[in-house]
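Chemist: Pasting in a structure now, in structure tokens, and then I'll have a few things to ask.
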């Protein structure tokens, strides 16, 4: 276990600034090659990452569920094939990298991620951290032990695969529980030790990002290493700009989530909400107009299998968004372009910002 002194010293490195790129379907030029990002196929240079979706899932489940009951998803092979088809569609639309923020307790299967990544030729960054479904053996751990677990998955590898995590995922909904506070503190310490960034799940309508920020800052973690997720679940621009002004990345990652037309489906409405994707996408432009282009990350929070909700929810979601992970490049980017957002800005949001965030040493200006 590293001491806090070592942890803080390890986090002190600063990097060079990144310039904008001319296109966002692929990397048009170089944004630097000296730093590397862990993916399930091994480290890549930041210039290889390209158009990146920063909050996605191949499968949303619980620890061990896929291995114990693959037939729930048809079969493991069927799930893999669906994921490959979806990622190939996203790749054809310009996506080169996704960040799969499935943690141990979301049923993360990094062998599946590696298989799908190879077949679809899309880079996948795997996550350590914890969500809302940790087993008792995790809930009994101290902050020091949780830090050790996160560091193991970043520095040594996940399980016995040798695949290293490239991001730390944590979650709160409303006021953090005492255990969630420990998880956030452990995430901050692991990030300080490694440079690997932290991304969060929030209930944006309850302004969760404010408490999360306070916990991270109490541990000495720079806001530039944290993305406050699901931030498009609110229209409270003052809440978002206050976080952005402090240096936090703002994750607008629920954009295709809308149960409009399905208002009579209580499960869909509870999960997806009744807000149009256009309303969510306009938050991107609002933050750009406020001068926070460098603080924006966009994604879909989409999946190809989902067992941690009602049984038929994946069928409903596929009807809501048949584009899957291709939704951002196929729908949102053209929409923003029509609203007058320049191509260079769109490239900054989808290529430069994610590369800077995922890089263990590069920092925001």
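Backbone N, Cα and C atoms are what each Cβ position is placed from, and that goes for glycine too.
Look at Swiss-Prot and you will find 55, 57, 169, 301 tagged as Zn(2+) 1 binding site, backed by experimental evidence. Taken from Swiss-Prot, the feature Zn(2+) 2 binding site covers 169, 201, 230. What Swiss-Prot records for 169 is N6-carboxylysine. Sequence annotations record features per position, and here Swiss-Prot assigns signal peptide to 1-29 based on experimental evidence.
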Chemist: Does residue 57 (Zn(2+) 1 binding site) have same-chain partners at least 6 apart in sequence with Cβ under 8 Å from its own Cβ, and which are they?
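Modeler: Within the chain, residue 57 (Zn(2+) 1 binding site) has Cβ neighbours under 8 Å at 100, 101, 102, 106, 301, 302, 303, 304.
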Chemist: What is the number of other Cβ atoms found within 10 Å of the Cβ of residue 301 (Zn(2+) 1 binding site)?
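Modeler: I count 22 other Cβ atoms within 10 Å of it.
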Chemist: How far is it from residue 201 (Zn(2+) 2 binding site) to residue 169 (Zn(2+) 1 binding site), counting Cα to Cα, in Å?
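Modeler: On Cα coordinates alone, these residues lie 8 Å apart.
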Chemist: Using DSSP and three states only, what is residue 55 (Zn(2+) 1 binding site)?
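Modeler: Going by the DSSP assignment, residue 55 (Zn(2+) 1 binding site) falls within a strand, counted as strand.
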Chemist: If we count other C-beta atoms within 10 Å, could you say which of the binding-site residues 55, 169, 230 has the fewest?
Modeler: 230
Chemist: List, in sequence order, the residues of the same chain other than 55, 57, 169, 301 whose Cβ lies within 8 Å of the centroid of the Cβ atoms of the recorded Zn(2+) 1 site.
Modeler: 56, 99, 100, 101, 102, 199, 201, 229, 253, 299
Chemist: Taking the recorded Zn(2+) 2 site as 169, 201, 230, identify the other residues of that chain whose CB atom sits within 8 Å of the mean position of the site's CB atoms, giving them in sequence order.
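Modeler: Going along the sequence, the neighbours appear as 55, 101, 131, 170, 171, 199, 200, 202, 229, 251.
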Chemist: Taking 10 A as the limit, how many CB atoms besides its own sit near the CB of residue 201 (Zn(2+) 2 binding site)?
Modeler: 23
